[in-house]
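Participant: Got a structure for you, written out below as structure tokens; questions coming shortly.
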Amino acid sequence: GVACLCDSDGPNVRGNTLSGTIWLAGCPSGWHNCKAHGPTIGWCCKQ
């Protein structure tokens, strides 16, 4: 999957670990949405 920046990772992508994964159809079972705003396409989810 494509990595994304969770709210808990920090304010921007530079120098931070991207712990989320982008899911286009929503977070799968057992995962949660970890970013309050965005991404533009899909959801940023983590286990």
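From the backbone N, Cα and C atoms, a Cβ is placed for every residue, glycine too.
What Swiss-Prot shows for this protein is this:
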type     : residues    : note
DISULFID : CYS4-CYS44  : disulfide bond
DISULFID : CYS6-CYS34  : disulfide bond
DISULFID : CYS27-CYS45 : disulfide bond
Participant: Can you give me the Cα-Cα distance between CYS34 (disulfide bond) and CYS4 (disulfide bond) in Å, rounded to a whole number?
Facilitator: 9
Participant: Where CYS45 (disulfide bond) and CYS6 (disulfide bond) are concerned, what is their Cα separation in Å, rounded?
Facilitator: 8
Participant: Would you kindly give the Cα-Cα distance separating CYS27 (disulfide bond) and CYS4 (disulfide bond), rounded to the nearest Å?
Facilitator: 13
Participant: Would you please pick out, from the disulfide-bonded residues CYS4, CYS6, CYS27, CYS44, the one with the fewest other Cβ atoms within 10 Å of its Cβ?
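Facilitator: Across CYS4, CYS6, CYS27, CYS44, these disulfide-bonded residues, the one with fewest Cβ atoms within 10 Å is CYS27.
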